[in-house]
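Database features, via Swiss-Prot:
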- Lys101: active site, schiff-base intermediate with DXP (ACT_SITE)
- Gly162, Ala188, Gly189, Asn210, Thr211: 1-deoxy-D-xylulose 5-phosphate binding site (BINDING)
Amino acid sequence: MNDTLVIAGKHYRSRLLVGTGKYKDFAETRAAIDASGAEIVTVAIRRTNIGQNADEPNLLDALPPDQFTILPNTAGCYTADDAVRTLRLARELLDGHALVKLEVLGDPKSLFPNMPETLKAAETLVKDGFEVMVYCADDPIQAKMLEEIGCVAVMPLASLIGSGMGILNPWNLRLIIDNAKVPVLVDAGVGTASDAAIAMELGCDGVLMNTAIAAAGQPVLMASAMKKAVEAGREAFLAGRMPRKFYSADPSSPTAGLIGS
């Protein structure tokens, strides 16, 4: 089945995107990402060395850009100006790379997005030639505004970053999905494989996660589980689930021709 994720005109086989933080070392990072099957890996530019610090280990030695699509992100940014400045630095470090993940946080406790600053940054970045995938609240109106600005994907949170609380508001996610003309990916809050499957069954185009894999007891094994969950959820969405029924007068096995009837 030729069913690919298309972002900014590029096709990807995997619908699972993964982060690179919180692992014990770069070797574990690489092993988990290999197990996940992810092709897009996101990197926090303010926290991870991809060349800006020559004396420190470079993540790109473990995850070469010719093997993965590197997605720089603005984790740790609380203003539009900080986010724009960070992504311009990333573009320099990655030789003009345009695909980026924008997140502008509202408060350090919840890490909930600051949507006015996110909208402001998105507008600046799109005008500056970036292809913006954007972390946002699960607000259908604001998600549509980001799409209309020109973002190439909208990424509403399922629940708070790092919380592992799963899909808390499936109805808003469905509204965003139904209204969108760009890919919709769940970003933040996934805790285990069933959460990823549910997101895909709702019709999300993909799932981005980090802590759910990196903080698992066995990150490499969890990465493999997430790969399978995303694939299963996507196939279930495409197949179409049976209607929900409170009672069923339609048994699975036919009643005609029963012995003794």
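In case you wondered, yes, glycine gets a Cβ from its N, Cα and C as well.
The model shown is predicted, which means the values in this text are computed figures rather than measured ones.
For Ala188 (1-deoxy-D-xylulose 5-phosphate binding site), the same-chain residues lying six or more positions away in sequence with a CB closer than 8 A to its CB are Leu111, Tyr135, Leu157, Ala158, Ser159, Leu160, Ile161, Gly162, Ser163, Leu208. Asn210 (1-deoxy-D-xylulose 5-phosphate binding site) and Lys101 (active site, schiff-base intermediate with DXP) have their C-alpha atoms 14 Å apart, to the nearest angstrom. Each residue in Leu160, Ile161, Ser163, Gly164, Val190, Met209, Ala212 lies on the same chain as Gly162, Ala188, Gly189, Asn210, Thr211 and has a C-beta within 8 Å of the C-beta centroid of that 1-deoxy-D-xylulose 5-phosphate site, without being one of the site residues. In this structure the C-alpha atoms belonging to the residue listed as 'active site, schiff-base intermediate with DXP' and Gly189 (1-deoxy-D-xylulose 5-phosphate binding site) are separated by 17 Å.
Neighbour counts of Cβ atoms within 10 Å were compared across the binding-site residues Gly162, Gly189; the minimum falls on Gly162. In this structure, of the binding-site residues Asn210, Thr211, the smallest number of CB atoms within 10 A of the CB marks Thr211.
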